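Beneath this line is the structure, given in structure tokens, with notes to follow.
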Amino acid sequence: MARGAEGGRGDAGWGLRGALAAVALLSALNAAGTVFALCQWRGLSSALRALEAQRGREQREDSALRSFLAELSRAPRGASAPPQDPASSARNKRSHSGEPAPHIRAESHDMLMMMTYSMVPIRVMVDLCNSTKGICLTGPSGPPGPPGAGGLPGHNGLDGQPGPQGPKGEKGANGKRGKMGIPGAAGNPGERGEKGDHGELGLQGNEGPPGQKGEKGDKGDVSNDVLLAGAKGDQGPPGPPGPPGPPGPPGPPGSRRAKGPRQPSMFNGQCPGETCAIPNDDTLVGKADEKASEHHSPQAESMITSIGNPVQVLKVTETFGTWIRESANKSDDRIWVTEHFSGIMVKEFKDQPSLLNGSYTFIHLPYYFHGCGHVVYNNSLYYHKGGSNTLVRFEFGQETSQTLKLENALYFDRKYLFANSKTYFNLAVDEKGLWIIYASSVDGSSILVAQLDERTFSVVQHVNTTYPKSKAGNAFIARGILYVTDTKDMRVTFAFDLLGGKQINANFDLRTSQSVLAMLAYNMRDQHLYSWEDGHLMLYPVQFLSTTLNQ
């Protein structure tokens, strides 16, 4: 235990000795730093005193020089020099050339004193020369020095007086549109405009429930149907001979005359009406034309029996429009296209390849067209002038036009002839001539047809079909017969003989598509129906009862 205590006291003593040694070392370093600082302070103090002494000497020299120069500047310019004794002048080496002028001598003494007794600082000399005049001699002006560096821009000066008004400048560009001003007084109400056109047909809705059974209709007129002449039946048995009559008295002999013309048979089987009456008189049976009874009537041969499968020619983006070919001249391959149901421009294509390639020229019409019922006949375009009851004939070659007003025709308030094609007037050309299909403004319900004279551009006759336009989707004319489709343009449900003025039984399919049928027209040059179906340009072959037209 005692040995452990002694070891602990030894360790504490060594620590105390280390601490005292560190304190002694720090004290020695502090004393050395203090001595070094005192030595530096003494050196700096002596250097400062030397600088102050030198500065004082320079100031005294500057003040002495300034006072001397001031004395020289105050001395009179014209004062004579002090007299000199002969010895002095003999000792003066500068007097060998004679006494100089007083002002030259004064200047020489000044220069001598300056060179002998003082070294003048340049700054002091410059200040002296600038403050006193006549002390410093100036030589000739030296060449101008180089231009100095550009100085800083000065402060903005005050605005000057406004100058005179200059000449008027050019018109500047249009500025921005200003704010809307105060609304003016209300003007007089304008005339009431026409109602806008219907929008495009929407999608077909869901099929509704069946309606109630309607009442039985009136019995139809059988005489309106075209009846085909039947085949000749077998000859009946001869009747019993009658009793012989009494002989008559002989007549006087007649004179011989020329043979008269042969009279045609009255009952030859080719009658102008809708039906042919076959007489029961046996005396006329043998004289009738047996071959004629085996043929159909000309009117029946002109009827359409069916429509063939369509061929698509082109697909365009416009829903409404027409594409037309010349009906009369088969050598003219041009095709004309009008886009939309209203416009003033017509596209003319050289032929069908140009139509497919999109190569065309524009033709500007004299009036806006309306509808999709235009035709081209003998190098002239016939169309409806928009917003009026007027037809226009525009000749392509001469670019001249004629107009024809159709009295009592419906052409406004969106009361279209055919709502599916936005059309008021539908023109048509067939083997019988030029026609126009329209609705009357008197009743506004029935479909009317007018035949036009191409030469005089006038109306020849009007035909009232009495068929309501509300049941019609579209229509066309072929070989003098009007054909009307249903409201969906899928079947032909009505036909009317325009030359005979009678209704004809007709009911056949037209197409299977339910797209918008904007145009439907018959062309007699190729016996096809031309249609515009929701942008599809289609051709339908037509099948007649007879392939040739009997006049």
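Yeah, the Cβs are placed from backbone N, Cα and C, and that goes for glycine too.
What Swiss-Prot lists as transmembrane segment is 18-39.
The topological domain 'Extracellular' annotation in Swiss-Prot covers 40-551 and is backed by sequence analysis.
Taken from Swiss-Prot, the feature compositional bias 'Low complexity' covers 79-90.
What Swiss-Prot records for Asn130 (among others) is N-linked glycosylation site, and it gives sequence analysis as the kind of evidence. Over all protein chains present, the Cβ of Asn130 (N-linked glycosylation site) has 9 other Cβ atoms lying within 10 Å. In three-state terms derived from DSSP, Asn130 (N-linked glycosylation site) belongs to a helical segment.
The feature domain 'Collagen-like 1' is assigned by Swiss-Prot to 137-195. Restricting the average to the domain 'Collagen-like 1' (137-195) gives a pLDDT of 82.
Around the Cβ of Asn329 (N-linked glycosylation site), the same chain contributes Asn378, Asn379, each under 8 angstroms and 6 or more positions distant in sequence. The N-linked glycosylation site annotation in Swiss-Prot covers Asn329 (among others).
Counting only residues at least six positions away in the same chain, no Cβ atom sits under 8 Å from the Cβ of Asn357 (N-linked glycosylation site). According to Swiss-Prot, the N-linked glycosylation site annotation covers Asn357 (among others).
Within 10 Å of the C-beta atom of Asn378 (N-linked glycosylation site) sit 14 other C-beta atoms, taking all shown protein chains into account. Under the heading N-linked glycosylation site, Swiss-Prot lists Asn378 (among others).
Residues annotated as N-linked glycosylation site in Swiss-Prot, with sequence analysis given as evidence: Asn464 (among others). Neighbour list (Asn464 (N-linked glycosylation site), Cβ cut-off 8 Å, at least 6 residues apart, same chain): Ser440, Ser446, Leu448. Look at Asn464 (N-linked glycosylation site): DSSP puts it in a strand.
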